[in-house]
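*Asks:* Below are the structure tokens for one structure; questions will follow.
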């Protein structure tokens, strides 16, 4: 009895209850597809959404749980991981809403698509709390392989096949690079795999000044930068976004990116705590390159999906300001921005899907005069694009204000000024699309808008897509007007996470803000 109680306490399986619910949901979807008839299969996406909502409720009940370590230290269910797991689950819910009509119209299996997406969600959720090298790599591969499959899901579309092949080849290379960096950490720590123990062993052996740790840092950051589409590891992003099914692109731009930032925070803050200044410097360079290239190249794009691809690269640069600041405000603003980015970006992709389903194109020029034929779509897409640009009083404005303020407080003056300039550049290409939809006269309508089909929301799968768009627009608007609760949530997730607090204190000591004598031994 004592032995079993000891094992149960060390496993602490309750920390992965949300993931357990998603696993059960995945099994129900697959079994329902096998044994259910056509009518039963119609309800599978809604069953998947219900399971994800149950997982979100389980995450809510786990908030401020005093026992967060599970599976012998391999998983940490702290408040920070809860927020990131919630972002990934929410992004999957909205993506499923926009996928039903899109996937059915292509003639492929919706249940298989949902199963792959739930597997990717599981990988992202596990990655957000992974605290051990093996757990990190398995979770990363679960997310990556599922993403490759979703990218090439439209087997009859040559562009989808090309995107999947590019994503697979570059993704496999980045995984190998990340794995090599992780193996160096394993060797430098004397064969340890838990992140806390790795950090302690490296500090005890005075390995913080070793060349091996510097090489490990470079390789690990290269792997993470691929996942978050940071320049110069962004080459796959425009082609994959343009060729992949649009719902998949929406998930990659939010869920996959959130998982990448969760990994960046936990791995770098814990395992590389002895060389914080070095990885801050690297991320400063990545942020500069991402903001400049992402926003400048987006100006020249003619495809909506390709423009949003470069936009997501620029947005990743903005988020990296919070990571580089390394303060309470920096991490909090980073989490807050990802929370609001979830809704404004998925709302924009919902609009792109609606337009492409009705016209068969995603060319920006074809949106000319859309307001005359579809005011709801024009309003929703315009609000989401303006929020991405940071126009007040929408959510994106407050997200950028918090990020820039955190960077300024951390004395990253040059980085913040560059972010302001590139943010203004981004406003231009977002407003260009809005202007094209709203301002154009009837005789200036594009051919696609002139031949715009009658709006019929009663078609199968169209109502969920409408719900996804409306929810995203409402959340984007309300998150801007009522941003304080969301920022309090982000701030609580940071201040209640011990690994972040210890790193923040060490950073302030190294900068001379706190004398080391004031810290208890």
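Backbone N, Cα and C atoms are what each Cβ position is placed from, and that goes for glycine too.
For 16-36, 43-63, 80-100, 110-130, 133-153, 211-231, 245-265, 279-299, 335-355, 379-399, 401-421, 467-487 (among others), the entry in Swiss-Prot reads transmembrane segment, with the evidence type sequence analysis.
Could you give the neighbours, burial and distances for every feature on this list?
*Replies:* Listed as Cβ neighbours of the transmembrane segment (16-36) (distance under 8 Å, sequence separation of 6 or more from its ends, same chain) are residues 43-44, 47-48, 50-52, 54-56, 58-59, 62, 70-71, 75, 77, 85, 89, 109, 111-112, 114-115, 118-119, 121-122, 125-126, 129.
Taking Cβ pairs closer than 8 Å, the transmembrane segment (43-63) reaches residues 14-15, 17-19, 21-22, 24-25, 28-29, 32-33, 36, 77, 79, 82, 85-86, 89-90, 92-93, 96-97, 99-100, 110-111, 114, 118, 121, 464 in its own chain, all 6 or more past its ends.
Listed by sequence, the residues of this chain that lie at least six past the ends of the transmembrane segment (80-100) yet keep a Cβ under 8 A from its Cβ atoms are 18-19, 22, 45, 48-49, 52-53, 55-56, 59, 62-63, 110, 113-114, 117-118, 120-121, 124-125, 128-129, 246-247, 250-251, 254-255, 258-259, 261-262, 265-266, 335, 338-339, 342-343, 346, 349-350, 353, 460-461, 464-465, 467-469, 471-472, 489-490, 493-494, 497, 500.
If you look at the transmembrane segment (133-153), the same-chain residues 6 or more away from its ends with a CB under 8 A from one of its CBs are 71, 74-75, 103, 108, 113, 116-117, 119-120, 122-124, 126-127, 160-161, 163-165, 167-168, 171, 175, 178-179, 182, 185-186, 193, 195, 198, 227, 240, 243-245, 248, 251-252, 256, 259, 263, 267.
If one looks beyond the transmembrane segment (279-299) by at least 6 residues along the same chain, the residues whose Cβ comes under 8 Å of a Cβ in the stretch are 217-218, 221, 225, 229-232, 234, 268, 272, 307, 310-318, 320-321, 323-324, 326, 412, 415, 418-419, 422-423, 425-426, 428-429.
Through the fold, the transmembrane segment (401-421) approaches residues 284, 287-288, 291-292, 317-319, 321-322, 324-327, 329-330, 332-334, 336-337, 487 of its own chain, all at least 6 residues removed from its boundaries and within a Cβ separation under 8 Å.
A Cβ distance under 8 Å defines the sequence-distant neighbours of the transmembrane segment (467-487), meaning residues of its chain 6+ beyond its ends; these are 94, 97-98, 332, 336, 339-340, 343-344, 346-347, 350-351, 354, 377, 379-380, 383-384, 387, 392-398, 402.
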*Asks:* Any chance the transmembrane segment (110-130) and the transmembrane segment (379-399) have 3 or more Cβ pairs under 8 A, given the pairs are 6 or more apart in sequence?
*Replies:* no
*Asks:* Using a Cβ cut-off under 8 Å, which residues of the same chain at least 6 positions beyond either end of the transmembrane segment (245-265) come close to it?
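*Replies:* Result: 80-81, 84, 87-88, 91-92, 94-95, 98-99, 102-103, 106, 117, 120-121, 123-125, 127-130, 136, 140, 143, 147, 150-151, 153-154, 160, 224, 227-229, 305, 308-309, 312, 316, 319, 323, 331, 334, 338, 341-342, 345-346, 349-350, 352-353, 356, 362, 500.
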*Asks:* Report, as numbers and ranges, which residues of the same chain sit near the transmembrane segment (211-231): CB under 8 Å and 6 or more residues beyond its ends.
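*Replies:* Cβ under 8 Å, 6 or more out: 140, 170-171, 174-175, 177-182, 184-185, 187-188, 202, 237, 256-257, 259-261, 263-264, 267-268, 272, 274-275, 278-279, 282-283, 286-287, 289-290, 293-294, 312-313, 316-317, 319-320.
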